[in-house]
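Colleague: Handing you this structure, nothing more for now.
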Amino acid sequence: MKQCGILRLASGIRVGYVSGKLDDIESDLEKVFADQLLDILITYQWPTSIAKEETLSLVGDSRLNDLLEWTRPRYWFCVGSESGKFFERLPFKWDNDRVTRFISLGQQGTQDKWYYAFNLNLDPLMDKEGVSKFGEKPQIRQLEAPVETESRKRKFEGSEVRTKRETKKVAPENCFFCVSNAKAELHMIISIADCSYMTVAKGPLTTRDRLGFSGHGLIIPIGHYPTFSKYRDAEEPDKKVEETKLFKEVSQYQKSVVSMFSSLGDYKVVFWEISRANAIHHHIQFVPLEAKLEEHFETQMKKQIAYNQKKYGSTLVYTKDMENEKLSHLINNGDYMQIRIVGPDSETRYVFELVEDNIDLQFPRRVLAFLMKLGRRVIWDKCRETLLEEASQKDAFREKYQPFDFSKEKNNINN
């Protein structure tokens, strides 16, 4: 067994462990644990973020602080020292109601408690049931200067604003949207067609309360292109973007999604995309929206534009229902952000021409979050789910989507 790693049990439970000297494996911690939600984490030492709360500096190591944030374990077991000492911290909640319990055990065979019995529900959201009192979340960054790491760079959707100088080239083998990537999360894919595929969202904005699944998804080109126009230039240079096979197929996915959600109730679908020549891999996100909320959308969007102007000094100007000729020119030649609210017999379109370097990548999600009273779910990585939860989301979505799935390979996708 390696000195650190993740074990996946037959039940789907994910157990992470760190053993040996941290000096020997420090460089491996991020590779193994970044963005990996765990059910159980086992280490020798405590993270200093918790050790400092109990003024036990000798049992803590600051290198374990990141593990707490990366993995958000439901149970963290450790000992802290050779003699051990039983300690159980009050459970605490993350922003998405995920619960973490921290337990330090005594030395085996002593009078101090050295064992711990517990039931583990497969659904982490059930962990908060029966908890009479929660503690505060540890101050993970209390005394530490922020450090730029690759995992944090990946969380571009969690950044308030992305500027041009932060852009870096990402090859297909390192792109999380490329299905050719060995780390592609195939368990989240709903449907694959010829040029594009559809997947459930990581860290969904919407919850599964109403439909039994979040409904937040992405439609993604299979090819590694930052925009539709870059695909056109490479694959079908004699055509307009709207005439390409990719654009038509993505539009077909959008129509099928609208049909599915309208069959489930009085829903419309909000699609949004941010298209920039210096982006990494183009994609379109979508969420279902109760039809009665559409009339409030533009008002909420104007509030968010004013907020961005005040906080960042950025100016977002949009055109509602832009005329087709101008829209076509923009899609074929420029950078833009587009938000569409689509029903079976209606469509409202908001188009932003992007002329500034500073771009709020969270803008559409933030507008929708406050419109739907989900303000605590703005940042996707604060809404992360376990692999088991993600697969469950995909299964529930696919079950409802199958009657509308036009793709040729709908029965040939990784389960």
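Note that Cβ sites are derived from N, Cα and C of the backbone, with glycine treated the same way.
If you look up TrEMBL, you'll see 165-298 marked as domain 'Cwf19-like C-terminal'. Residues annotated as domain 'Cwf19-like protein C-terminal' in TrEMBL: 334-406.
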Colleague: Considering every residue in the domain 'Cwf19-like protein C-terminal' (334-406), what is the mean pLDDT value?
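Modeller: Average per-residue pLDDT within the domain 'Cwf19-like protein C-terminal' (334-406): 92.
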Colleague: Please list, for the domain 'Cwf19-like protein C-terminal' (334-406), how many residues fall into helix, strand and coil according to DSSP.
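Modeller: The domain 'Cwf19-like protein C-terminal' (334-406) comes out at 33 helix, 17 strand, 23 coil.
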Colleague: Of the residues in the domain 'Cwf19-like C-terminal' (165-298), how many are helix, strand and coil by DSSP?
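Modeller: Split into helix, strand and coil, the domain 'Cwf19-like C-terminal' (165-298) gives 46 helix, 30 strand, 58 coil.
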